[in-house]
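According to Swiss-Prot, the protein has these features:
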| type | residues | note |
| --- | --- | --- |
| MOD_RES | MET1 | N-acetylmethionine |
| DOMAIN | 16-273 | domain 'Protein kinase' |
| BINDING | ILE22, GLY23, SER24, GLY25, THR26, TYR27, GLY28, ASP29, VAL30, LYS45, LYS48 | ATP binding site |
| ACT_SITE | ASP136 | active site, proton acceptor |
| REGION | 410-536 | region 'Disordered' |
| COMPBIAS | 473-487 | compositional bias 'Pro residues' |
| COMPBIAS | 513-529 | compositional bias 'Basic and acidic residues' |
| DOMAIN | 556-867 | domain 'CNH' |
Amino acid sequence: MNPGFDLSRRNPQEDFELIQRIGSGTYGDVYKARNVNTGELAAIKVIKLEPGEDFAVVQQEIIMMKDCKHPNIVAYFGSYLRRDKLWICMEFCGGGSLQDIYHVTGPLSELQIAYVSRETLQGLYYLHSKGKMHRDIKGANILLTDNGHVKLADFGVSAQITATIAKRKSFIGTPYWMAPEVAAVERKGGYNQLCDLWAVGITAIELAELQPPMFDLHPMRALFLMTKSNFQPPKLKDKMKWSNSFHHFVKMALTKNPKKRPTAEKLLQHPFVTQHLTRSLAIELLDKVNNPDHSTYHDFDDDDPEPLVAVPHRIHSTSRNVREEKTRSEITFGQVKFDPPLRKETEPHHELPDSDGFLDSSEEIYYTARSNLDLQLEYGQGHQGGYFLGANKSLLKSVEEELHQRGHVAHLEDDEGDDDESKHSTLKAKIPPPLPPKPKSIFIPQEMHSTEDENQGTIKRCPMSGSPAKPSQVPPRPPPPRLPPHKPVALGNGMSSFQLNGERDGSLCQQQNEHRGTNLSRKEKKDVPKPISNGLPPTPKVHMGACFSKVFNGCPLKIHCASSWINPDTRDQYLIFGAEEGIYTLNLNELHETSMEQLFPRRCTWLYVMNNCLLSISGKASQLYSHNLPGLFDYARQMQKLPVAIPAHKLPDRILPRKFSVSAKIPETKWCQKCCVVRNPYTGHKYLCGALQTSIVLLEWVEPMQKFMLIKHIDFPIPCPLRMFEMLVVPEQEYPLVCVGVSRGRDFNQVVRFETVNPNSTSSWFTESDTPQTNVTHVTQLERDTILVCLDCCIKIVNLQGRLKSSRKLSSELTFDFQIESIVCLQDSVLAFWKHGMQGRSFRSNEVTQEISDSTRIFRLLGSDRVVVLESRPTDNPTANSNLYILAGHENSY
């Protein structure tokens, strides 16, 4: 490239031939490429720009970067700006990043860490001598060449460009390596190149322990702790494993006071990095990557010994090809029609981005948050703004604003439709002072909403046939799956996902489009929408309803719970079961083969799917786990390839290199009894709450990191037994209240009183009641001020103060003639399950809408998140193998 150019506008493919994609980051893909003129290999980062982003500010930085030439710095070749893509061309480092390496090899040896630290310090010494800072030292930005040379990447031009783009996508991941003076820049008055030395110390710990300190904490929580005056610099956890020299090196690098922190030149004189260290150490590391020795990185799980009883990895449905006699209830299943369950207002969203990063036709089903453009307009700002922290804002404030920008803290709604009672709430009276007001959005009427059950199903009250539909902020829940009778159906021409029930929902679709104008033009361009998923044929235009269909016969598992997931690559839909024998899956697109596959060999009592992340309570110690679902399926395929002599169930779940370790324990969550997940409709935050033996943990979903992260740990005497554990969202509070019981009401017109723990309080503070708890089987928040409480044979619909909700369109009480075990809320009714069947009752009239009863079978609801899953066993043999059903449409419904 001509050195006179700072940002070339010519076609980069005239100079470089792309060979293969070698990486994918939060803001672009990285390709291995070859210079067509010289044959020299290069690494090219291709970044897709968003409209309005201007990189003129980095042109001077690009020119300056051409002067940076050092053996420990990735060489910068140049940049291209072509159409809406920015190409950054750099030196190719075939060994990969240290982060990629330790994911395969496990922790680096002390000598390897010393070698890498020395080379990193040499690169920083050069940069600092040129008056430059790196600002982003971490394992992911330290690369190895094929012959073991260490190179610093993503600084200078890349750091400046990353800074702008990170404001929208990746910024939240960086606080763990940041120095305290960076976090408190507003109070401390800026920072200098010594922040890079702090990052060297953190990176040394990262290479030794596979993650930086505080990595399990929510980024905001980590930043907050760093700004506290009593913050203590982190240390290596294992005192005996590492030498005194290593411990002292980390201590020196992590000197809290930057004025006392040694420079790169000074640290290069430390005995830890002045010992005999050769490039052969890095070459040994690369050899380990290319030829991993599984025996060297076993990370066995001492708490969870291998299962005592061998369970099959694959379970086939019985009588798959034999025509068998149907039970009485199965005959009725084919005759009784049900409306699909609907999303409740507090249910976390399930977004399914396609390979291009945009949502396809499934967007109309799963995407309920406003677009990024809406948020930018609402807050009067785009992606511009100061990233580096010598500006007027502290890092804490910048990250908080970034969370606002991403919708983590956003869009408060007006409460004009609330009852007068809610403005004099006995519940709110015990709540600490409200948070400062947040920006308000355009008001969208809320009177139409309500919803469903403990497994995050939903209800949005719809008018009866003939009544005009009213606008709603939350779109309908996905229609139930419709199963092919013999073989998978090739899905080509799907109906609009909003056309649930003929004309009535057609009007709903039109009104939804009016409220989401930013997506309208894109939808109009799609004459033929993509299928929602394989195994989910398009919903019929006419209102034929759905019914229960058998998906598995003779299941030997002791199942506790069920959910579902759509693979973003294949679009196949899977049922996921949590059982005593482990976590199993069933592909709804392969019911002609009908077999369950084991995904995880540990006992599972609760699970929940969030995007491509599976949360579970698993293992002998009942600990919260986080699983990467695509990785979990790949891992299962790896297990199938093992020799028959090595039963998969006897392999510890992390015997393979860390690269394949897709299931991780969430720290500080042992002996978890129950969990619940909720979305705050006022802010868009999504929370996971777990009840431990003597405390409660609250975690928040961090979208850029695609994981739940700890924000609160509250000591609390958990009731025993713990019958009730749900979160309730209240206005003007950042965190939801945690309901641990329900007692009889004491105030005027109060039918129930919620016993709650308040995470917003600065102390472990909870409501106390001198009245005994009622026998409540179910509590769920349908709307912001509408809660469904299930008591024995009765369902009461109350507000946050426990008073009955009265409405012409809604009965405040629904009565059943049996003991309710579980419920699912449908469009216009509640479906209650009992031991020998189920009954639906209308929200409007309390009249029976559906009923199925079979005294020869015992029924149990396994889950209703996206898909309603039902189990039945023979009454005369309750331990016999079970049959499994889902609420689904019929092939003949077209």
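Each Cβ is built from the backbone N, Cα and C atoms, and glycine gets one as well.
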Task: Average the pLDDT scores across the domain 'CNH' (556-867) and report the rounded value.
output: 85
Number of Cβ atoms other than its own within 10 Å, given for ASP136 (active site, proton acceptor): 21
Statement: DSSP says the residue listed as 'active site, proton acceptor', in three-state terms, is coil
Query: Taking just the CA atoms, what is the gap between the residue listed as 'active site, proton acceptor' and LYS48 (ATP binding site) in Å?
result: 21
Query: Using a 10 Å radius around each Cβ and counting other Cβ atoms from all shown chains, which of the binding-site residues VAL30, LYS48 yields the largest count?
result: VAL30
